[in-house]
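If you look up TrEMBL, you'll see A:18-39, A:77-95, A:102-121, A:162-183, A:195-213, A:225-244, A:264-283, A:320-341, A:353-375, A:405-429 marked as transmembrane segment. Summarising the annotation, TrEMBL assigns domain 'Ammonium transporter AmtB-like' to A:67-447.
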Amino acid sequence: TGCVCSLHPKKNNTYIRVSLPAVCFVWQIAMVILFGVFIRYDEESDEKGWHEFKRSHNITSNIENDFYFRYPSFQDVHVMIFVGFGFLMTFLKRYSFGGVGFNFLIAAFGLQWALLMQGWFHSLDPVTGKITIGIESLINADFCCAGSLIAYGALLGKVSPVQLMIVTLFGVTLFAVEEYIILDLLHCRDAGGSMVIHTFGGYYGLAISWVLYRPNLNLSKRLNGSVYHSDLFAMIGALFLWMFWPSFNSAITNHGAGQHRTVINTYLSLAACVLTTFAISSMGQKKGKLDMVHIQNASLAAGVAMGTSAEFMITPYGSIIVGFCCGIISTFGYLYVTPFLEKRLKLQDTCGIHNLHAVPGMLGGFVGAIVAAAATEEVYGKEGLVETFGLSGKFENRSMSTQGAYQAAGTCVAIAFGLVGGVCVGFILRFPLWGDPADDFCFDDEAYWELPEDEETIPPVLEYNNHMINKHQDTHESQFSLEES
Amino acid sequence: TGCVCSLHPKKNNTYIRVSLPAVCFVWQIAMVILFGVFIRYDEESDEKGWHEFKRSHNITSNIENDFYFRYPSFQDVHVMIFVGFGFLMTFLKRYSFGGVGFNFLIAAFGLQWALLMQGWFHSLDPVTGKITIGIESLINADFCCAGSLIAYGALLGKVSPVQLMIVTLFGVTLFAVEEYIILDLLHCRDAGGSMVIHTFGGYYGLAISWVLYRPNLNLSKRLNGSVYHSDLFAMIGALFLWMFWPSFNSAITNHGAGQHRTVINTYLSLAACVLTTFAISSMGQKKGKLDMVHIQNASLAAGVAMGTSAEFMITPYGSIIVGFCCGIISTFGYLYVTPFLEKRLKLQDTCGIHNLHAVPGMLGGFVGAIVAAAATEEVYGKEGLVETFGLSGKFENRSMSTQGAYQAAGTCVAIAFGLVGGVCVGFILRFPLWGDPADDFCFDDEAYWELPEDEETIPPVLEYNNHMINKHQDTHESQFSLEES
Amino acid sequence: TGCVCSLHPKKNNTYIRVSLPAVCFVWQIAMVILFGVFIRYDEESDEKGWHEFKRSHNITSNIENDFYFRYPSFQDVHVMIFVGFGFLMTFLKRYSFGGVGFNFLIAAFGLQWALLMQGWFHSLDPVTGKITIGIESLINADFCCAGSLIAYGALLGKVSPVQLMIVTLFGVTLFAVEEYIILDLLHCRDAGGSMVIHTFGGYYGLAISWVLYRPNLNLSKRLNGSVYHSDLFAMIGALFLWMFWPSFNSAITNHGAGQHRTVINTYLSLAACVLTTFAISSMGQKKGKLDMVHIQNASLAAGVAMGTSAEFMITPYGSIIVGFCCGIISTFGYLYVTPFLEKRLKLQDTCGIHNLHAVPGMLGGFVGAIVAAAATEEVYGKEGLVETFGLSGKFENRSMSTQGAYQAAGTCVAIAFGLVGGVCVGFILRFPLWGDPADDFCFDDEAYWELPEDEETIPPVLEYNNHMINKHQDTHESQFSLEES
């Protein structure tokens, strides 16, 4: 499609034939070595270990293997990471390959690095020096990637795949550290990751995007929008995220009533969120028409905001209230805050992660703090309270109001890590050697993908017509050139 | 896209900027209040309750929580409701946003209302005045929505989202009542909902569509069809429905052999249905070509028809015979009955729910009656018979032939509720204040959605060409106007 | 769309109005009869049987029914077969209906025939003469279809649906025999089917395609490629395959640690494969651009290659190494081997199954042999070794190196069955009565599907323009003819 190329004189800087393979090979070889040194099966996935575990725990049935408690949720989370996030980012008319393709690349890298980072911080055996992994580790690795994928949402169309690999390398690293501080040191509960995943990921992406501000991005304005069918592809992603969010929030909560209740709360909250999203979306446009961007994104905000509190006894109507508010806040964000941020704060946020992850995540952190502070033995039962908040060992005497304060502190830690980490990574990405596209070549798969010769493109027809009308030359020749283009 | 708008002089009546937000807010606030008054966690999702339940039932492992029996099926059903039904309705060339988007809206509303309605009828605690919910309630709520989503299939493209909210409000209400009559009073078995979901939903939608007959609908004829890629989107919906139908039918059947057998029966029946659908589809066209409408829809009829009997001992070959017949009947319906209904009965059924839900559902009800009547202690075992048909308590002495008669009666109840309810709701929808589109503006997302400026549209090019040829004016200006349009 | 038809003078031979319905009806009626004679529920899905089973095995909880160990994996496999394989084959610009539609048809037929064939070979009760089926049988039936669906990948766009039914009939039959030889007689382990599914299916398809070589296939060259959105549809299929491959490999492995470990190994291997696929894809193009064909296909090769060894104690880093190599080998295959095969060996392989199934499957078979030969009691534990490799009964004294040798022999059996069976079936398909398209009518849904009148097609516009410019006739008339076309 030569005619399209001619519009992009500065495309030569997107050459990644050396850098991308180099990064992929170096990091993947590092993974092989580090996995060889550190990673082993845990006692529920090791052949010998499981037989011994059953004997020592007096378990008679294989169904008690953690695998059967977690695997269905794991697969749902896996779908959210690869199809959910991936297809949600296909909404741009000419960056769908990049949306789903680079999401695939960085998630596949991120989950390997996450197993190592999370392993070192959470489950390194001090005696053997090994990390043991099981199904819960895989879920946590997927979660850890989610932080970087959220950040990708703010950068969509403006960075190279090499830059994304760097975003993910540091994103996963920062994630593991903040998660260690929040979950282990502060001893917060955050099973669905309002704080550790969404707040962190959201502010991390926003900070990077702020550092990478492109004043002339309107040169690519023609491609920063959707077409009819790209919006439908994005709807596939949005719906899989929406449907499986109950699995996301319940994937690593306590067995039994814990997982059960988390699903109910998330399900209700998400349903309520849809109605207020539709309402505000219609109110926000002069003619009352609905906007697909809101439906695809704001309807998910409730899932983000329930990440911390869904496993608590927030009550069914409490969940609905959270969803109700999130639909309003998030849709308002898309209508008014994102344009404001771009204009006043020079913050270009392609997917609006500010409204879908950063703000609802932060809200979710504080909702969690309030619900935790309000927890009583009367509602949870004595052993229920201990189990739900993990108040055993050295945290045995922590009061619920203290727990609430720590939860709130955890949210602040996540914001701080996101902002500071993002600014640092942003400056790294500004080195002029990563192959990012020029301002007039953003949101364009042409930069990194071999595109099919597409019959649907309009330009050749236009060109052809002009040719016809201006010159009235040999028809046969022109027709031939059209077929070739 | 100004040029498209000019074709629709009467579009002003689709203004929903007041009515849609009003309905969404009023109903969602009502949900908050009613959930606050009535809905609580059940003993398997309540933190304190589950600990007590385990003690009182002498359960040692969390894996016995109903959650682990039902959650994988629940998620499959959830996918069917939102992606299955939603994408099946994206087949129209310019109503895909409405198909998947309004499906999303009304399902999200419907499931909240369903939890309340079904709760009041089935699980209101007479002492506390509360409804307790668990994973099975969520499945039932999704099922209950399905009735209204089926009705939407007949109305697709011809009603406003406000009307759909009303269809759903009454649909869910009627559903809960007929379900109470059929399952509780008549004590029928209908785990997969051939009667309560599909027969009811099918006739409900047909009756509404009959009342809302539009004699001049052919003014929108140009949009009442698919394009190549919209048919592929619809195929996503169709396949997820087809694949997960075994989960749909088995989601609330008895633990153990009950769920196991239901899956096998539904799986076999659906497979057989595909072959007869392809056969009749090819035979029905002069050149022997296959029709995507049949493949997308008729191949699902077997799932509908097995809704009642899949949990019975219908035998594997019995299931295949049901599927065999359904593929034939349903494809014949699409080929001959739907055109007949439209021409003779003035019944406009956009998705052909008559052939996919109404008739196969009714058939399924009667198949269930026959299989129930034929059940013997020899085949089911004594306790198996009692468990499968719930013949304990006051139904202890019901004979199997009586049970069969009640099953048949249940089917008739479902038809009656669908037809009478649908006619009443249809007349409500005829008030001229709901923002439905004019006859020449149906099947068009332009009415309710902000559409992306789409490069793929042909009209501008045509217009441009005419302009060129007729006037031979300044080329530069014309080109500019094209880019703007 | 008359104008398109006129380009295909030889299309009359694709008339399938008699042959396709005949094959569908005859075979489906045969299924009814054979299922009636042979197929019954097994003791875990039979109502009476399960009650007796629980008593005799002293089981107290329904959760011990095999259904709860296998159902989530089964549904994932089901999605892979129908959406995964189906949508992966929608990548061609004008053969998407055929890709997903015929995949649907032959899988639905194949799984019924597979239940019979596998039943006769593996679970025919010698006393009653019946085959009993349960959830594991359904998984195996889906697996068995996969062999034929893989073969379809090589034939995509070049054969008629009737020919595909024949490919499937013989494919399933051959599969059941080679599976019996490999798993029962040689007593190999191959839970994820590197050998029995992928190696067999790959070579079966390649051999058929070799026999059906079309020297003039370049007459259809214009349609043998993708468009932007067809590549996105294919990406849906690719991602569902990639995400659910851990379920594929673990679906029928041993309960407990077996399934758990298989998931971990497959997950890691697939992640590593993605990075090397991206690396080689970028290196393989002069400008360093990525190719969607590689991303969609080569990233899956690791799942294929782990089919045998994922259930063994291959270690996490071992899995990553396998994935690392597969991404490289498979992408190289797409870049260099497929063009070579087509040019030198006259082997037209539409989807490149040589690189995704044949070679990685064969590799997987040999990796499995090595890992099996290296297994020790120290790593697996005494009972673990016996359970993992099924070394009980008459195989009690088989040494691990012998087991490894048998595994390698099994791979050779799979290759032999694929090649010999494929050549024979290929010759059957060369009879000139199956309605396959002429060389200039391949890769075109027009042959077998009623296509929607598509606004997106370019030809009418071209035709229209020529008309305008050459003749300058009455504009009004021409416009009318365009609208009609």
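We count from 1, first residue shown onward.
Just so you know, glycine gets a Cβ as well, placed from its N, Cα and C.
Below 8 angstroms of C-beta separation, residues 143, 146-155, 158-159, 167, 171, 174-175, 178-179, 182-183, 188, 304, 307-308, 345-349, 353-354, 356-362, 364-365, 368, 407, 410-411, 413-415, 417-423, 425-427, 429-430 of the same chain, each at least six residues beyond the ends of the transmembrane segment (A:195-213), sit close to that stretch.
Most Cβ pairs under 8 Å with the transmembrane segment (A:405-429) belong to A:162-183, among the candidate stretches A:18-39, A:102-121, A:162-183, A:320-341, A:353-375.
For the domain 'Ammonium transporter AmtB-like' (A:67-447), the mean pLDDT of the prediction comes to 96. Same-chain residues lying 6 or more positions outside the transmembrane segment (A:264-283) and placing a CB less than 8 Å from one of its CB atoms are 192, 242, 245-246, 248-250, 289-291, 294-295, 298-303, 305-306, 309-311, 314, 316, 318-328, 330-332, 335. Among A:77-95, A:162-183, A:225-244, A:320-341, A:353-375, A:162-183 has the largest number of CB pairs under 8 A with the transmembrane segment (A:102-121). When each of the listed stretches A:18-39, A:162-183, A:225-244, A:320-341, A:353-375 is scored by C-beta pairs under 8 angstroms to the transmembrane segment (A:77-95), A:225-244 comes out highest.
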